[in-house]
Every structure is written in C-alpha cells, then in structure tokens.
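Undergrad: Okay, these came from TrEMBL:
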type     : residues  : note
TRANSMEM : B:6-27    : transmembrane segment
TRANSMEM : B:34-54   : transmembrane segment
TRANSMEM : B:60-84   : transmembrane segment
TRANSMEM : B:96-118  : transmembrane segment
TRANSMEM : B:138-160 : transmembrane segment
TRANSMEM : B:188-212 : transmembrane segment
TRANSMEM : B:224-250 : transmembrane segment
TRANSMEM : B:262-279 : transmembrane segment
Amino acid sequence: MSITNTSATIIQPLPAASSNWLRDLVGIAIILAAAIVGYFLFPNNLALLTRMIAIMLFVLSLDLVTGYCGVATLGHAALFGAGAYAAGIAAAHFGVTEPITMIAIGAVGGAVAGLVSGVVILRGHGLAQLVLSIAIIHLFHEAANKASNYTGGSDGLAGITPDPILGLFEFDLWGRTAYVFGIVLLIVIFVLLRILVRSPFGLLCRGIRQDPVRVSAMGASVKRTLIKMYVISGVVAGIGGAFNAVSTQVVGLDSLSFTNSAEALVMLVLGGVGTLFGALIGTIVFIGVEDFVSAANPFHWLTIVGALLIAVVLFAPKGLYGTAAALVERYRKGGK
Amino acid sequence: MQTFFSIGVDALAYGMILFVISIGLSVTMGLMRVVNLAHGAFAMIGGYIASYAARDLGLAYGLAVILAVAGTIIIAIPLERFLYRRIYGAPELTQVLMTIGITFCVIGIANYVFGPTLKTIPLPPDLQGPVDLGFRTIAAHKLFAIFCGVAVALGLWYLIERTSFGVKLRASVDNTAMAAALGVRTKIVYAASFALAVGLAAFGGVIGAELLPVEPYYALRYMVTFLVVVSVGGAGSIPGALIACLLLGAIDTTGRYLVPEYGEFFFYLAVIAIVWVFPRGLMGRAK
C-alpha cells in the first residue's frame, strides 16, 4: 500500500558525480558553520546541542529505513536504546570506559537490535508491520525494565564515567569535549551515509521503496537487502545511543520508549523523508521548538506537535527541507 | 480455582471492552484502509462526555451513555470531512502521521479542558456491588461489560449479515469501485460506517471506564492495544476481532495476575508470535 503511488517519481536523472561531491562539501561546511555558531550562541546550553547531535544520528538511521526503504516503523528507538544500553552496560559493569570503544560497542549493540527488529518487522506488511514494530519497542522496554540488575530498571543506568578521548581530551563540566566529539562523529557518519545512499546498494533500496515487485523480478533479494539496511541503520542508531550515553553519562529507560520512536518519526517527517539533510533540519527545529515551548507548558507542546504534524501532512508533505528544495528548484528553472 | 475463576471473569470483561472499542476500528480499516491511530481518542472523548454528563450535570447513566455516543459522533463528523477524507488511499506513513497528530491534539486539548486527573463515571446503583451467581460472586459492572460485548457482537452480526446496509457495506469492503458501479453510494456507506465505528468507540470508552480509566493519555496508552487487536484479528473481520480480543484479553490478564513483574512482556511476545504466524491476522483475507 505504501509503495504504490510513489512510482511516478522513479525516473529522475542522477546528478553528475562532481556536483554530488560539491554538494557534500557544501553540506559539511554548513554543518561545521552551524556547529560553530551554536557553540558561540549557546555556550551555556551545550548539553542541549549535544543531545541534538545524538538524536540527529538516531533520526538519520530512521531515515535509512523509512525514507530510503519505505518501511513505516514506530519502534526504531529499540535500535537507539540498544546502542545506549550496550555502551552503558559495558562501561558501568565491565569497566570499558574508553569512549571510542564504547561507541563501537554501541554500534554492535545497535546492529544486533537492528538485525532482530528487521527480521521481525519485515515479516509483515502495512498494519501488521506497524504493529510488529510497536510490539518490538514495548518488548525491548519491558525487557530492559525487568533486567534491572544490568540496566538499573526504571531508575536508569548511572555510573558511566568515560575516559578522556584518545587519552588527551577529558570530558569537562561544560560539555565542550562532548560537543566537539559529537560534531566530529556526526560529520564522519554523514559523509559515510552520503556515500552509502549513492552507492548501488542505496539505489537498490530506493528501488525497493518504489516497486518491490519489480526489484525482485530483476533478480535482487528484497528482504535480504532490507535486512542489510536495517543492520546498517542499527549501527548508526547504536552510535547515536552510545554517544548519548557517553555525553550524558546516564542511560534512561525512556531511550527505549514508544514516545521516543514516535518523536523521531515526527522529526524526520518535519524535516523531509528520504533526504539526509531533512533528517538533520527536522531534528534541529523539533528539539529547538520543544526546548522553547515545553518550558512553558508540556501539554501545549503536545497540542502543538499534533497541529504541526497535521499541517505538515496537509501542506508540506515533503517536509521543510523537501519543500524548500522544491522551491529553490522552481526558482532556478524560472530563472533560466 | 478461585484465581482461575477471577482471571476468567476479568479476561472476559476486558476482552469484551476491547472488542466493543476496536471492532469499529477493524471495520473502518477493512473498509477505508485507513490506519486510524486516533480511534482511542474517540473512546476517550466518549468517556469524558459521559463523565461530565453523569458526574457534573448529575444525569442518569443511560442518558450519559447516549449523550457520549451522540456527542462523539458530532465531534468526529467534521474531522472525517476535513481531515480523514484527504488521507484515504494515501501511503501508510501519511495516515499514521495525520492520525497521531489528531491524537496528540485531542490529548492536549483534553488535558487543558478537563485537567490531568482521572475522571470517573458514577455507576448506577444496579451496577455497583457484586452479583451472586450462586457459586461465585462477580462485580456487576464486569457482568454488564460482558453483556454489552455480546450484545454488540450479535447486533453487528445481524447488521452486517442480515440487512441491506450490511450487504452494501460488505460489497464496498470487497470492491469499492465495483460496488459504486452497481449503484451503492459508497460515500454514504463510508460516512455511516465511520460514524458507527466512532459511536462504538465512545460506547466502549464509557462502559469500559472502570477497567480502562479515563485520563488524557488514554488515547496514547490504549491506542497500541486497539491496533494490536485489529492486526491480530484481521482488519474487517468481526469473528476475527472477537477471537483476538478474547485471546489477548486472556493473555494480558493472566500475565498481570501470575507474573505482574514482567508487565506487558508476554502480551507483546504473544502479539509478535501471532502476527509472525498469521501476517494477515487470524481471520484476515489475502488481498
């Protein structure tokens, strides 16, 4: 059902490779510029910006399965939370406090969770798929709650004290190290994902989103490709979760919650499904507005999110980035 | 034996409440192919109206139920006209986002208007206290819920299998375009079944208020359960929904009685197992 009416957009000439690299460079420059501006504009609020980076990685990973593969999921936080808990448990119970190792452990944790939930979720289609994804996130949540010896249950997992990065940069009270670490992580992953979505594998995923029957008729295995993408998505989400654990030094049960999944989906749709920039922009706008409004009244915040969602669905189905990109495109064509 | 019996009664009552609320969702999902996550919000609106009518205005319980059903339908009609009609046939992601948006708005507004506290719906004296069945006593409101569930199931069965509206409804579910070509006014069938679904949700929300307490997060908390019921039963199937409700009610209640520390772990495990084996639901039909 979700795939049928996107087929109109199939035939699009791919931009030349050189302009792609140029775009990547511009993208990296914009992220860097935004990061530096953020650092100097909100020197006392770096914790918020750092959280934003972790969530950005999470939303990027959701974009991989929802935007590029067309899998509607409300259970993606399972991957994020698995990464966070994997890194947190390694640090708190097994004494692995080297931050880059923790991130790697988180990536592995996320990949395993991605494999498990990918295999389960891809079993169904449509409603069944959605319900399976919801069941997965609740299952992970209950399991983490029950295994309180390892996860701390509803109290959260504390006692994570990461070592200095590379033995040089210590995590300071103001969160500067964590912020810079996060930016570096974000840029590396962003570049890797740009390469991934442009690779033959990424194009195959897009083909599956548009017409799975045709792709399987061409001889590609739809399910295996999707599961691979789920594992990759798990790696990215796991890195996001692990980074969150490293920077905040706690892991809460809410990282494995349904609300977390739903919010990530809202951010992705707000920014624009199927574009990496959209995922980044959606996260910035959502968390920025949330921080501003929820200080006033959390319930008004919920009403605003609801109204925002309805408005995006009705008036800007491509999201903020998609709509802006379309406007720019139209302006350019008009100029010629 | 005592535990077994009380688990049985609770599971039956819970399952019947689930059935009354989610059967409307199942019918609209089978008919209109809309993944309506806001269905629980309509049940919640019904609960709020009944609570306001019975507790604050002091009306009789029966009147409050009727007011709740009518009021919820009146609220739902403009939503159907202006929001739902735009997402018929849209990709699932769009439908999920739109209906989650509606749910969030309803939660926010309900909290603003009625406050974050639990709302009770005072039961009439006949439904309070236990009823003696000779060998066991059970709470009257649970018996009432079971009775309502059976009545709704029979009524719907009669409506869909034995009336001309039911024939048109089934025809539209099977093949909308063909039904329209044969002179069935599918738009009216759509609107009527949407109203019916919302009305049943409101009714279930009111009679189930003892088991599923009415509060602003009701819409989000039970939304998942209702969706699960439809998915397990198979969209559009009444017997499927009934079996799913009884089965899931039994699993959930048994889990709560016997291993409460695991929360809903076994419930969701069972859901995954069932959907894994029957991806189209227990009684779902192949497309």
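Placed from the backbone N, Cα and C atoms, the Cβ positions cover glycine too.
Burial and contacts for the listed features, if you can.
TA: For the transmembrane segment (B:6-27), same-chain residues at least 6 beyond its ends with a Cβ under 8 Å from one of its own Cβ atoms are 36, 39-40, 43, 138, 142-143, 145-146, 148-150, 152-153, 156, 169, 193, 196-201, 203-205, 207-208, 211-212, 222, 225-227, 229-230, 233-238, 240-242, 245-250, 252-254, 257.
Within the chain carrying the transmembrane segment (B:34-54), a Cβ under 8 angstroms from the stretch's Cβ atoms is held by residues 21-22, 24-25, 28, 60-61, 63-65, 67-69, 71-72, 75-76, 79, 84, 87-88, 92, 95-96, 99-100, 102-103, 106-107, 110, 114, 119-122, 197-198, 201-206, 208-209, 214, 216, 218-223, 226-227, all 6 or more beyond its ends.
Panel annotation: around the transmembrane segment (B:60-84), residues 32, 34, 36, 38, 42, 45-47, 49-50, 53-54, 98, 102, 121-124, 127, 191, 194-195, 198-199, 201-203, 205-207 of the same chain, lying at least six beyond its termini, place a Cβ under 8 Å from a Cβ of the stretch.
Counting same-chain residues at least six beyond the ends of the transmembrane segment (B:96-118), those with a Cβ under 8 angstroms from any Cβ of the stretch are 34-38, 40-41, 44-45, 48, 52, 79, 83, 86-87, 213-217, 219-220, 223.
Residues 9-10, 12-13, 15-17, 19-20, 23, 123, 126-131, 166, 169-170, 200, 203, 207-208, 210-211, 238, 242 of the same chain, all 6+ positions outside the transmembrane segment (B:138-160), place their C-beta atoms under 8 angstroms from a C-beta of that stretch.
Within its own chain, the transmembrane segment (B:262-279) has Cβ neighbours under 8 Å at 228, 231-232, 234, 247-248, 251-252, 255, counting only residues six or more beyond its boundaries.
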Undergrad: May I ask for the residues of the chain that lie six or more residues beyond the transmembrane segment (B:224-250) and have a Cβ under 8 Å from a Cβ within it?
TA: 7, 11-12, 14-16, 18-19, 21-23, 25-27, 29-31, 35, 37, 39-40, 43, 153, 156-157, 160, 173, 267, 270-271, 274-275, 278, 280-285
Undergrad: I need to check the long-range neighbours of the transmembrane segment (B:188-212): which residues 6 or more away from its ends have a CB within less than 8 Å of a CB in the stretch?
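TA: Same-chain residues near the transmembrane segment (B:188-212) but 6 or more away: 13-14, 17-25, 27-28, 31-32, 39-40, 42-47, 49-51, 64-65, 68-73, 76-77, 80, 84, 119-121, 123, 141-142, 144-145, 148, 152, 165, 168-169, 172, 179, 218, 222.
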